[in-house]
Amino acid sequence: MGNVCVHMVNNCVDTKSNSWVRPTDLIMDHPLKPQLQDKPPQPMLMNKDDDKTKLNDTHGDPKLLEGKEKPAQKQTSQGQGGRKCSDEEYKKRAIACANSKRKAHNVRRLMSAGLQAESVLKTKTGHLKEYYNLGSKLGHGQFGTTFVCVEKGTGEEYACKSIPKRKLENEEDVEDVRREIEIMKHLLGQPNVISIKGAYEDSVAVHMVMELCRGGELFDRIVERGHYSERKAAHLAKVILGVVQTCHSLGVMHRDLKPENFLFVNDDEDSPLKAIDFGLSMFLKPGENFTDVVGSPYYIAPEVLNKNYGPEADIWSAGVMIYVLLSGSAPFWGETEEEIFNEVLEGELDLTSDPWPQVSESAKDLIRKMLERNPIQRLTAQQVLCHPWIRDEGNAPDTPLDTTVLSRLKKFSATDKLKKMALRVIAERLSEEEIHELRETFKTIDSGKSGRVTYKELKNGLERFNTNLDNSDINSLMQIPTDVHLEDTVDYNEFIEAIVRLRQIQEEEANDRLESSTKV
């Protein structure tokens, strides 16, 4: 029985035909979508991951939906297309497909300000503030804001994600919120998956109370610890694929797997790593395929861009994560979304340049099988967990990885954080006139008219407004990490557009807080 492998509750006898079970449809949250060519590109930094819930293990009787809603059927279609993109016409067709606008909802618009208290969850939940005190803000995104909240009866801390009803523009948006809660309820108690404590609704918002994770993000923990080997990477990969296998076996597809959506519960060395943010997740029927383009550019599967995909797309995303864990860089890279998508569709997988010569052949074999462009030939989550490199008794070496991997991981994480910090601080502190002036400053710096400036130029441009940006956030912002190459570039038009969008979100949040304080 040498090749028998057991993981959690399932053994290694998986096939494509019996892997996926359970109900229905689709989840929401204005997924990251590339824009049409005649519109300003939308920056990746404002994806839904900004709404991360820094989510601590706790238990209790969750106050959830009493009855399961029967989700509406999503348009599904023919079997999975396994063809590689090999000609220019096919590639352009796929890119155009990914760049298409989201279809307009064919339903009546709701007057969200007038929604009754039970209109979303369809059950009386009581008011959040009867049971919890709200604390500091943890993060925000297009649909909601996450706060620390403290349970009045126990003093336990949780994370509370509040979704204003005015952002639920139609019946489908309301269904999506119900389904996100239902999916978290469906996964309740599963290891390495964030737990939901309860759901509440008032006349202004829907509130999801979840466990609070204070141990930080996946990449930050790796860099902080300093000691990093293939065996450690294999252990982390096993946790990630264990989450995927658990979700798939319960008929759920995550659809937004990436390092930012995995958080440690606490700072302990053996802290559990948990998957968070199921806002784009969906229930799945056997053989069901989906057509909406969702996810994050570096981690998106080619069949998602082709608008015909199933749970195999989660395996691709997890494969990209393992590639980054072992090399510190993304396998398919570009300076714009379109360049990234081109690489995802037909770029060559690099497993030969540094640091790959020092990585084991077993690890590279697994990555090739997970980043197989034909989803029919791609490994399932169960098969990945049975691969020799990832098993507990497997062959992942315990020798340290090349030091460049850690430095690349640090840069990979720090660059994204720099952009997000700059966006948030600028949007909070600069007037519209100053933001316009900042754009003109970048245009002056950009003598080659490339539309891009280096991080050093970005820093210098921001320093002109230092009188308005005089706080601890800006001090941190101006201390660009040494691991972030100052000659790397950022698209300043994307940067400015993201600032404008973030200002709108912040103004809306202020209005929501005012409205919520006057209503119970």
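Glycine is no exception: its Cβ is also placed from the backbone N, Cα and C atoms.
Annotated range for region 'Autoinhibitory domain' in Swiss-Prot, selecting from 179-209, 210-240, 396-426: 396-426. The two recorded residues, Gly144 (ATP binding site) and Arg452 (Ca(2+) 1 binding site), have Cα atoms 31 Å apart. Distance between Cα atoms for Thr146 (ATP binding site) and Arg452 (Ca(2+) 1 binding site): 33 Å, as a whole number. Per-residue pLDDT, averaged across the domain 'Protein kinase' (132-390), gives 93. For the recorded site, Leu138 (ATP binding site), the DSSP three-state label reads strand. For Leu138 (ATP binding site) paired with Asp256 (active site, proton acceptor), the C-alpha to C-alpha distance reads 20 Å. Here the CA atom of Ser296 (phosphoserine) lies 21 Å from the CA atom of Arg452 (Ca(2+) 1 binding site).
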